[in-house]
Ligand SMILES: O=c1ccn([C@@H]2O[C@H](COP(=O)(O)O)[C@@H](O)[C@H]2O)c(=O)[nH]1
């Protein structure tokens, strides 16, 4: 049985290993996993992943790989050496790339396909020249990419909470929906650069398996209390489900 805390992923979006270690120490009891993204990995490399693992915490390595299949397979094999729970590859336009990521992982990592970034809106999709029906209904585009990710053998996808219900309905409980773009109700009007946002409670009610929550915790006056508040909201949503 997963606890509410297990649902929360905290992104270590900080510029140094020292800062990352402080956050890991502060939040180890409050979140279920730490996400290492581009900023920290470029600065601190695989050693920061090893540090987090040595503290007994789970790691989501969010490098969003996007390259030719052979290169992605080789990169994902190196990711697998790091003993992380989850790692990302862009769904993009290449089913072969997704299949290569899964093959490269050797079954040791849950490979997630990034469908449409939560910082992207329908207007952005229309401006990029996508077919009008996809721009008008973002869930269709997310579902197209989710279908490709599933066919390639991915463990799940990254999408917004707004699409989580459709993903779970189509692909069942075992196909993971990992949802960034989480903002508490009090911050819905100031979501930073996020454009497809949900509250923690909405994301869980709609089927999200993991909520990636960064700035609402990191920028809070009391980050531990902010994480606990989110866990309570998750708990309430789980109890009602
Ligand atoms: O579609 C995506 C994919 C990844 N992210 C990452 O999640 C966190 C969100 O941080 P907040 O501070 O809660 O906005 C960040 O590391 C992104 O790189 C995403 O937001 N959307």
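The backbone N, Cα and C atoms fix where each Cβ goes, glycine too.
TrEMBL labels come from automatic prediction, so no person has curated them.
Annotation source TrEMBL lists active site, for OMPdecase activity at 62, 64, 67. Residues annotated as active site, proton donor in TrEMBL: 64. Among the features that TrEMBL reports, substrate binding site is placed at 13, 35, 62-71, 118, 183, 194, 214-215. What TrEMBL lists as domain 'Orotidine 5'-phosphate decarboxylase' is 7-230.
Overlay of TrEMBL feature records on the structure.
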residue	record	Cβ within 10 Å
13	substrate binding site	18
62	active site, for OMPdecase activity	25
63	substrate binding site	16
64	active site, for OMPdecase activity	17
66	substrate binding site	16
67	active site, for OMPdecase activity	17
69	substrate binding site	17
118	substrate binding site	25
214	substrate binding site	19
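Residue 63 (substrate binding site) carries a strand DSSP state (E or B). 13, 214 are the binding-site residues among 13, 66, 214 whose C-beta comes within less than 6 Å of an atom of ligand 1, given in sequence order. For the pair formed by residue 69 (substrate binding site) and residue 62 (active site, for OMPdecase activity), distance between Cα atoms is given as 18 Å, rounded to the nearest Å. Look at residue 69 (substrate binding site): DSSP puts it in a helix. Recorded residues residue 13 (substrate binding site) and residue 64 (active site, for OMPdecase activity) have their alpha carbons 15 Å apart, per Cα-Cα distance.
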